[in-house]
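Taken from TrEMBL as is:
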- 1-20: signal peptide (SIGNAL)
- 28-113: domain 'Copper amine oxidase N2-terminal' (DOMAIN)
- 130-230: domain 'Copper amine oxidase N3-terminal' (DOMAIN)
- 259-629: domain 'Copper amine oxidase catalytic' (DOMAIN)
- 337: active site, proton acceptor (ACT_SITE)
- 425: 2',4',5'-topaquinone (MOD_RES)
- 425: active site, schiff-base intermediate with substrate (ACT_SITE)
């Protein structure tokens, strides 16, 4: 095993991870695709006779990473030390999903040579569709302005069509209870009042009651419903811009501070390889996952400077956001942000000195647009050292002949950050490396609420479940969840790892001592029962069910006193599981949210918790479904 995928509800997870680099950087097999490579991939796909249908649109272009044993040999040398990174050249390939002729086509493209070539082609025949592209969403947004029923709906609400903007929302999957539209690739559209002179908070002014259905392949509105007219919320008091609001949102201002590192930064970046303190790791990028941390290892000074492997690959696999309103205009709001929209494609350009401190460095990346041409994502990843005044370790000793003394070790960390803006929400995704040998994974949520218009102006008027909170006149903030799922392929001192649950069990004191001695008046205590997961069912954990220590160990590597070498998975805050019914359609698509931890045998193809084709997926290809395929962890 060695392929844990960890589901975390909204805020953060703490996991210990760690990698190897050379001081002279050369092209690394896990480097993200360059602009030149994306251009070559596009040319190879368009030149291929395998897809005669045109036009052809690119929905995903990403690195088809080499096989794991080959990458490990490249990074750390072969088992017999015969191969090193300087002696190995691994194939460089891309994986592509493109749409043409109403079908989803999959390509593997070789970009090792000067001229890229298509190695394989397949047509996806199962349920689900690839990610939306920016270009098709923009094209769909223009359709309502010339659609007469919509123009009339806007007029009925006392608005002009020029004041309104619409957005593309995934419609999910609801079985036979959902109109099929002949199996077409369709999405839904809802609209808001857009008047930046009145407020920048466009989500605060929804045009409630109107939903459109758009065929994204034909780029036409094929369904329309104006169920009821609701009051359009006022703009007053909704603007979040700093020059429009007062305290406590903008002040009182703290005195300005200056961050100084008189000896320069403590970390070094060689291409995409990072060295800092006792850490080495690779920072990559993917248009679906965003930041990818790979080949992380920690330098063990007690072992003569040996680089000890901990994490092979780690990234956000999915973000599931189900809303809790079953009404006609809201029931389908159950988004898979990575699989439907793409976290890397939606990564925001970081604002220097604001998103990241003055001592940060920045990385650019590239992804493919719908035409296959490279799109530059500038300043989407930052790295910086954090000196927050926290303590990593301290102790005051007042016993012995030496007298009172204290030792304090400051907590200095290295942060790898990306900010992803998905519609109304902004996710700040941090991997925080610590000198003590751990990483703290932090997800911070910001942005603004997606709001629902309603005719109530005061809570005293409400007599039914409004599925949210009345937050101002005519405005409901709808209840919803955010489940952030990380894929963590842990390699603790190698690939032969086991998952351990140290269950904390209360005991009654029987008075019998293992080492002898008189009975004591203690009546209870707790102890630890060691449980090795032998099957995938035993590797599924609800963290809230019972107290347990979750360990990933290498049974073939022991400390000098005989303990197995391992890392702990430490939830450092409240974690949640989904409360949706098992037979509810959004839950069937995201059934992995019933547990926070899923440990599975390594499988290179099982990267995305929501499946390769998450948009309108049926739940037949997701993390929970994969876990039913295996019986043993071996």
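Backbone N, Cα and C atoms are what each Cβ position is placed from, and that goes for glycine too.
Break the domain 'Copper amine oxidase N2-terminal' (28-113) down by DSSP state and the numbers are 22 helix, 23 strand, 41 coil. By neighbour count, meaning other C-beta atoms within 10 Å, the densest spot among the recorded positions 337, 425 is 337. Between the CA atoms of residue 337 (active site, proton acceptor) and residue 425 (2',4',5'-topaquinone) there is a gap of 11 Å, rounded to the nearest whole number. Residue counts for the domain 'Copper amine oxidase N3-terminal' (130-230) under DSSP (helix as H, G, I; strand as E, B; rest coil) come to 33 helix, 28 strand, 40 coil.
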